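Working notes for the structure below.
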Number of protein chains: 2
Amino acid sequence: MGYAAFAERMGQVNDILNAKSILGWDARTMMPPGGAETRAKQLATLSVLARDHLVADETRSLLDKAEAEVSGLPADSVERTICAQTREAIDYHLRIPADLVRRRAETGSIGQDIWARARADDDFMSFAPVLEETVSLNREMAEHIGYSAHPYDALMHRFEPGETVASLKTLFATLREGMLPLLRAIAEKEGPRFDFLQRPFPKDQQLAFGLKMAERVGYDLNRGRLDTTVHPFEVSFTRNDVRITTRVVEDWMPACLFGSLHEAGHALYEQYCDPAFTRTPLATDLVGLYAVGGVSFGAHESQSRLFENHVGRSREFWELNFAEAQATFPDQLSDIDAETFWRAVNRVAPGFIRVEADELTYDFHIMLRVDIEAALIDGSLKVADLPEAWNAKIKEYLGLDVPNNRLGVLQDVHWSSGQIGTFCNYTIGNVMAGQLFEVATKDAAVAEGMASANYVPLREWMTEHVHRHGRRYSRNQLLEKATGRALDPAPYIAHLTAKYSEIYGI
Amino acid sequence: MGYAAFAERMGQVNDILNAKSILGWDARTMMPPGGAETRAKQLATLSVLARDHLVADETRSLLDKAEAEVSGLPADSVERTICAQTREAIDYHLRIPADLVRRRAETGSIGQDIWARARADDDFMSFAPVLEETVSLNREMAEHIGYSAHPYDALMHRFEPGETVASLKTLFATLREGMLPLLRAIAEKEGPRFDFLQRPFPKDQQLAFGLKMAERVGYDLNRGRLDTTVHPFEVSFTRNDVRITTRVVEDWMPACLFGSLHEAGHALYEQYCDPAFTRTPLATDLVGLYAVGGVSFGAHESQSRLFENHVGRSREFWELNFAEAQATFPDQLSDIDAETFWRAVNRVAPGFIRVEADELTYDFHIMLRVDIEAALIDGSLKVADLPEAWNAKIKEYLGLDVPNNRLGVLQDVHWSSGQIGTFCNYTIGNVMAGQLFEVATKDAAVAEGMASANYVPLREWMTEHVHRHGRRYSRNQLLEKATGRALDPAPYIAHLTAKYSEIYGI
């Protein structure tokens, strides 16, 4: 009875956070323009309510009783894990003063407007003061959250628990060591042809094909739907309603296709969480106050990148599925073969904009941001020196001269919304995807499925080893159970090396 | 300060109820089928939260301070009205035991399944026990809410405050006296041709034309959108986001067109509420826990019926707009003229089903339901005798023999969801629409607009006299301010008599 009452209370927290997610999805897909201002207030109220409902005296009293009731169970039982995670989250929120949360939200809401104007005008200095304030507020947050080595570690905790500046330093060095030579070698070679991807591909057929490929890798439309937005995303309102969006560019066919596969990968993580975890903290990020079943942003990204890149950009996938692409787009693809298509969608092209980056250069955009954020937080980099530091790194990694701050330091929305500490998960996700895919494809059924366009065994392997666990285990516990070791970049580097060596004849 | 803090608290109640409305809209328009079960829990949690947030000690303490601060203002000032309405709503909710609310919700949720099966099987007796329970729970509700003359008065309070069994008895008698002779006379005459309305009208054009007519009467798409659902409805998430739905029947063109106009009429009430009332109790039904700006369900229905029937089914409207209908549907309407179209969409055809009833017979469906509900609640009618009582009234009013309970007492969803007391607003709305339209069209600008397909002056008149006031005045106060008198059925009866006399040559 004690535990059941506590569980129902936590179900309500999950309900509130799912309601917030639904309002957010609606705002990005369906809401008429006039609704923006009052929608922001509705979202803010649900945020405050969720936090207050979680830390309320009543929740804590129910938690006390629940803990007493389940104290005889093993420490790693679902019930005790839920109690422990809830207590940790309540402690986390109580450490952060309500006033600081409010000031950060206010700065974020002012910041977005200032940033949008600064970016339009290519005027970094008009954004600098609010960025200074954001850095200062996040530094204050870090002190309240607590850390042992670096204040940036505290900020990453909400997105990638356990990751630290120190651990990332090692990881990034290994990645650079493996990837920079590859990038340098590619720069010397002629790239594959890709002109045909820029032919006009009708919107409706692009969406139909994107959705078909999403369903092929396992996305369940009975518990999902696809819409279009400027920036694709996935969001879940319990495992029973997991929605994805994509974008359509008429003369750039990969945008819709790989956007759909990427978000479908995210969606699988949510759709195949253990149904018993629905409305529990194992499907709720109580620290970040977000209803999600994935254990970290990096773990989530591992599933999107795995289905986008390891599956969707593989030679084997197009050997088996290209005929269907041709049937959907006869006017655009009848003179192209599977091999040419596969090479084209793997073309490497260093550029300034992170969200447009290819599989190989993407991580360099991430490394530069993480290093810069950590330096801003520990004070070793001043906001005023940010553009120079940014541009130097782009030159060092990608060999490009940043022509203006719109193509440089002003490109991302993240800082303007008050968030610092969010970037590392993209690279963590790539590394995890490599590691999980290597082990999964050693399974005979998975390998056989991959060779016959049957992606059910792969999805089932991921469900068994990743999806179903929700937030029960930490990211590294999950990796150890699934692959026998913690985060290891070797398979990812091997994957990149093998693929690009072949395509570029290195 | 005291009042401002109270107002922000009430803004949060409004936010929660708007969030609930958004989840409800999404469930009916966008949600994949798998999401139903968890969505029901999310909606239930938001209901409980809104009620708890309203009656919480903190709200009551803020209300005490706010009342003290505004005690020097006039009693009918916005601030004192808001305080008084909030106190009344809190008292209302505190009178109803939480356990009763829970039992009624449970019976409602079980009831819908049982009703759906009973209707499919035409088996009233399998629905009777849960209806008995519903009647008993509503009787219990009535005792807690309180009433002076009849327990049914207490149940109508949430939907049509101030309306009573006694007041409706007088109103219904007057309506019957005016309308039954008309109905009898029409039965003797040959009806207008309407065959062309059953030609195939393509879905996309129907939607485009319905939306165009909705915009023509004033619906603002910058703060709205149109979707399709099985049953059309309107819902608002503040005046800044007011959505409508309609349904499309390929071979029954009036369904989409008049559905759109009807819901647009509802939408205008919300879109043109005073912006200063946004997030206040004057745009929140604190008794019914529903974020709505209209003062009663009947007042709301007056706007939908006014734009559907007094505008959209008027000869003048089609004299001015029929050319556009022809341009949209050349294959279907080129051989028809405006006069023939106007007559066809005003055809009277007594039938069994309320939601398919024409303008003249609709009220008889309502009168029968209201009388039956009141008799069930005061015990003068037993559930077991319900089909017989129903069928006798259909025979008396419409001259039809009900062949089975699916076409009779089992047709409406309302009772199965636990609701009793909701029906009178449809007829109140018709009566109010007649009264408001009569006075509005005495205004020169309104009359001139109606004669030139410019519906802005009419919409502005309604905004000035109805929409902008939100829930500030009671329904009868509103009517007295707008028309100089309380609810009066004479204009409505005169409207029906004039129109049908002309069409049927009586």
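Glycine residues also receive a Cβ, built from the backbone N, Cα and C atoms like all the rest.
Annotations in TrEMBL come from automatic prediction, not curation.
Sequence-distant contacts of A:His266 (Zn(2+) binding site), defined as residues of its own chain at least six apart whose C-beta falls under 8 angstroms from its C-beta, comprise A:Glu234, A:Ile244, A:Gly294, A:His300, A:Glu301, A:Gln303, A:Ser304. As annotated by TrEMBL, Zn(2+) binding site applies to A:His262, A:His266, A:Glu301.
Other C-beta atoms found within 10 angstroms of the C-beta of A:Glu263 (active site, proton donor/acceptor) number 27, with every protein chain shown included. According to TrEMBL, the active site, proton donor/acceptor annotation covers A:Glu263.
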Cβ within 8 Å of the mean position of the Cβ atoms of A:His262, A:His266, A:Glu301: remaining residues of the chain near Zn(2+): A:Glu234, A:Glu263, A:Gly265, A:His300, A:Gln303, A:Ser304, A:Arg305, A:Phe307, A:Glu308, A:Gly429
CB within-chain contacts under 8 A for A:His262 (Zn(2+) binding site), separation at least 6: A:Pro232, A:Ser304, A:Arg305, A:Phe307, A:Glu308
Number of Cβ atoms other than its own within 10 Å, given for A:Glu301 (Zn(2+) binding site): 27
